[in-house]
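Quick look at what TrEMBL lists:
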{"type": "ACT_SITE", "residues": "His109", "note": "active site, proton acceptor"}
{"type": "BINDING", "residues": "10-29, 91-94, 176-178, 202-204, Ala220", "note": "NAD(+) binding site"}
{"type": "BINDING", "residues": "Tyr54, Arg57", "note": "substrate binding site"}
{"type": "BINDING", "residues": "Cys117, Cys136", "note": "Zn(2+) binding site"}
{"type": "DOMAIN", "residues": "1-234", "note": "domain 'Deacetylase sirtuin-type'"}
Amino acid sequence: MYRQIVVLTGAGISAESGLRTFRDQDGLWEEHKIEDVATPEGYARDPEMVERFYNERWQQLHNGKIEPNAAHKALARLEQEFDGQLLVVTQNIDDLHERAGSRRLLHMHGELTKGRCPRSHQTFLLTDHFGVNHTCTCCIPAQRLRPHVVWFGEMPIGLDRIQHALDTCDLFIAIGTSGTVYPAAGFVDTANHHGAQTVEVNLVPADRHSQFQYHLQGKASEIVPQLVEQILAGEVIGEKPLSGAANV
Ligand SMILES: [Zn+2]
């Protein structure tokens, strides 16, 4: 039925795995002010504090308790079994999609598991914590790596590739994303403009001004496996009800 699918995932899908993420309501992320830990200015002011913050997030991700949930696993299954094109775009900086098995994945806000050379922009996998010992191998003298995280005031990663995928997709699904942070909040408009079906999966009630054609309210870990089942069976989303989902 569908030939090209774009999936956007946000904080909601990670939250169901027990990860706390930035909440824009209070401007805090794990009790830290956003301007201190998620802006280039905050990093320039106090790089050690910012490194410590991301090290704590890195440790939380590797504490053995945080695991991909059924929604992450269902998207990995979709990648393996779907005959058409699929691109998963995530706003999350954790590696839960990768751990579930996703490979065709774009981290538009960067990755917690990587550091980046500030000069060449080359990225390096971090096998342990950040610190002054973490330097690039691309420059002489070696540069201190910065977190490979897109901060406020910086350009998201891969926008050209995302734009191209949205221009040609016939299904766009947004999962667990607030729909308030641009440019991601505008992806649905592009998909609608090109005639794609647009589907939203969210724990909180959909904004009544939402641009999505179809809204599903409930847990991603319950809804997404059913959506993937329908797509792989060649069914059109919305024709059959899903359990655990309020169609709002
Ligand atoms: Zn370098």
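Each position is counted from 1, following the chain as shown.
Each Cβ is built from the backbone N, Cα and C atoms, and glycine gets one as well.
Because TrEMBL annotations are produced automatically, they should be read as predictions rather than curated entries.
These figures come from a predicted structure and were not determined experimentally.
Between the CA atoms of Cys136 (Zn(2+) binding site) and the residue listed as 'active site, proton acceptor' there is a gap of 21 Å. Filtering Gly10, Cys117, Cys136, Gly176 by Cβ distance to ligand 1 (under 6 A) retains the following binding-site residues: Cys117, Cys136.
Take the binding-site residues Gly10, Gly18, Gly176: by the count of other Cβ atoms within 10 Å of each Cβ, the lowest one is Gly18. Counting other Cβ atoms within 10 Å of each Cβ, the lowest count among the binding-site residues Cys117, Cys136, Leu203 belongs to Leu203.
Non-local neighbourhood of Phe22 (NAD(+) binding site): Ala11, Leu28, Trp29, Ile34, Ala38, each in the same chain, at least six residues away, with C-beta under 8 Å from its C-beta. Looking at Gly176 (NAD(+) binding site) and His109 (active site, proton acceptor), their Cα atoms lie 15 Å from each other. The Cβ of Gln91 (NAD(+) binding site) lies under 8 Å from the Cβ of Leu8, Thr9, Gly10, Ala11, Met108, His109, Thr177, Val181, Ala184, each on the same chain and at least six residues away in sequence. Nearest by CA distance to Ser14 (NAD(+) binding site), out of the binding-site residues Tyr54, Arg57, Cys117, is Arg57.
Per-residue pLDDT, averaged along the domain 'Deacetylase sirtuin-type' (1-234), amounts to 91 for this model.
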